[in-house]
Amino acid sequence: MATIEDDDERLLARIGYKQELRREFTKWSTVSYAISILGVLGSQPATYGVPISLGGPATAVWTWFIGSVMAMVIASCVAELVSAYPTAGGMYFVTKHVVPEKHVAIWAWTIGWCNFLGQATGVASLAYTIGQMILAGASMNSGYADGTYAYSPTPAQTVLVAILTLLVFGSICSLTTKALHRIVLWFAPINILATISICIALLVLTPDKRSARFVFTDIEDYSGWGSKGFSFLLGFLNVAWVMTDYDGTTHMSEETHDAAIRGPLAIRLAVLVSGILGWVLNITFTFCLTPNYMEDIVKSPTGLPIAQIFLNAGGKSGGSAMLFFVILVQFFTGASALLANARMTYAFARDEALPFSGFWSKVNKTTGTPVNAVWLVVIFCCILNLIGIGSTETIYAIFNLCAPCLDLSYVAVLFAHLVYGNHSQVRFIEGPFTLGRWSKPLNILAISWVLFISVVLFFPTTRPVTATNMNYAIVVAGFVGLFSFGWWWAGAGRKYTGPRTQDIMEIVATTEPDDYA
C-alpha cells in the first residue's frame, strides 16, 4: 500500500487530493517566485504612461502608494484562506470550504473561470508588452529625423514578437519542478538589484529634473471628465494591473515544501517589497519627466513613455541597457504568471471543469509536471494576442480584464467566507496563518475596495467617448460571462460538482518519517 511520508503530502491527502507533483520549491524559490510574479520593474514601466496622461505626475505617485496599501490588505486576506487549504487551485479550491455544499458547484465554477480568465489575460498582456518593449528598443536605436524614428513597429509585428515570447514561456514552464526551482531562484535578486540600479542611474544621468512640488502635488484633469478627482481614480489602472495575482504563489503549493506556511509568507513579503520598489520607481520616473511631458514623454515617437525617459537620461546605449533589464524582468514575470495559470488550469481540469479535462490534467511522466495544461494556456494566450492585429482597442480591453477578474475572484471567496462563516454546513478550518480579530474588518475593507475600483476601471479613460477610446473591457467581460453561464445551463452544471476531492486518508496508509529511520 502507498504511504504518506511527510506532512505536506499528509495535509494534501486530508484536503482530498493525491500527491502527483514533485515538491521541489524551497522557502527562497517560493519568495523569489512571489516577487517575480508581480515583477514591478517590468510591469510598472509598461503602464506608467497611463496615470500621468490621465491625472498628471502626482497621480502616478499617490495612486501607487494607496493601491499598494490596499493590495497588502487583499493579499493578507487571501493568504489567510490559502494557508488553510494550500492546493494548486488556490482561491478557487477554497470555495469548497466557505460555502454550503449545495452552492459549491456554481460558486466554484464562477470563481474558477473568473480566475482562469484573469490570469490568462494577464499572461497574454505581459507577452504583448514585451513585444512593445523590444520593438520600442529597436525603434529607439534606428535613425531619427523630423521628429520620428526610421523604424516604427506595426501591430502585426508586436503580436508576432508576443507569440514568440509565449512559445518561450511555454518551453520554460514545461521543465521539471527542480529545474524551475533553480531558474526562479534568480528572478527576485535580479529584479531588486536592477530596480535600485536603474533608479540611481536615472537620478544621476537625467540633466533636468522636476521639483518635489511637481512630483508630489501636481494633479491634473487630462482625461476630459471635468474632474481632477475622477482623473486621479482612473490612474489606479497602473497599480491595479501590476499588484494583482496574489494567489499565483499558491498555485505552486503542491510543489512547495511547507506550503501552508511559506505560501502566505511569500505572498505578503512580495507585496511589501514590490509596493516599496514600485513607489520608488514611480517617484524616480516622475522626477525625470520633462516640462512638456505630455508631448515629449506620453507621445514619444518610441511608442513607450518609459523608453523615452531612459533615452533622455542615458542616450541610446545607456537607455537600451536600462530597457534591457526592464524587458528581462518582464520576461521573468510572464514566465511566472504562465506557470501559475498552467497550475490553475491543471487544478480546474482535475475537477472536470474543462472540455477534455482528462487530457489537460495529465501529468507528464518525464517531467512530473502538467505539460498539457501549460500548452493549453500558451495556445489560448496566442489566440488572444492575434486579436491585436485587427484591433488595438479590443486587445487592450481584453488585457484590462486582468485585474478586475482576478481581484473579483478573490473578494467573492472573501464575501462567501463572511456570509456563510457561521452556516451549519460550512466547516472552515484555519491554517497556520490567521489575521485573528482583524480578519473580518480587513475582509470587509478588501471587498469594498475591489468593488469600488473595479467599477472605476471599467469606465472609458477619456472623454468625449468614441469608438476608438471606448473601454470595451465591460463588453468583453459580459461576453465571457454569457459564454460561461450559457455553458453551465446548457449542461456543464449537471456534470460539474465543484472541486472533486476524495477521502484519501482512508485509502492511503500514513507512515511517520521516523518509521523509515
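In case you wondered, yes, glycine gets a Cβ from its N, Cα and C as well.
According to TrEMBL, the features are:
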TRANSMEM  31-50  transmembrane segment
TRANSMEM  62-85  transmembrane segment
TRANSMEM  106-135  transmembrane segment
TRANSMEM  155-176  transmembrane segment
TRANSMEM  183-205  transmembrane segment
TRANSMEM  225-244  transmembrane segment
TRANSMEM  265-285  transmembrane segment
TRANSMEM  321-340  transmembrane segment
TRANSMEM  371-389  transmembrane segment
TRANSMEM  395-420  transmembrane segment
TRANSMEM  441-460  transmembrane segment
TRANSMEM  472-490  transmembrane segment
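Contact between the transmembrane segment (472-490) and the transmembrane segment (155-176) is not supported, since fewer than 3 Cβ pairs fall under 8 Å when only residues 6 or more apart in sequence are counted. Counting residues 6+ beyond its ends, the transmembrane segment (395-420) has Cβ neighbours under 8 Å at 74, 77-78, 81, 91-92, 94-95, 98-100, 107, 110-111, 114-115, 117-119, 121-122, 124-125, 128, 237, 240-241, 244-247, 384-385, 387-388, 426, 428, 440, 443-444, 446-447, 450-451, 453-454, 457-458, 471-473, 475-477, 480 in the same chain. The stretch in 155-176, 183-205, 225-244, 265-285, 321-340 that contributes the largest number of Cβ pairs under 8 Å to the transmembrane segment (106-135) is 155-176. Cβ atoms under 8 Å from those of the transmembrane segment (183-205) belong to residues 25, 28-29, 31-33, 35-36, 39-42, 172, 175, 273, 277, 280-281, 284-285, 287-288, 309-310, 313-314, 318, 322, 325-326, 328-329, 332, 336 of the same chain, restricted to positions at least 6 beyond its ends. Under the criterion of 3 or more C-beta pairs below 8 Å, with sequence separation of 6 or more, the transmembrane segment (321-340) and the transmembrane segment (265-285) do not qualify as touching, having fewer than 3 such pairs.
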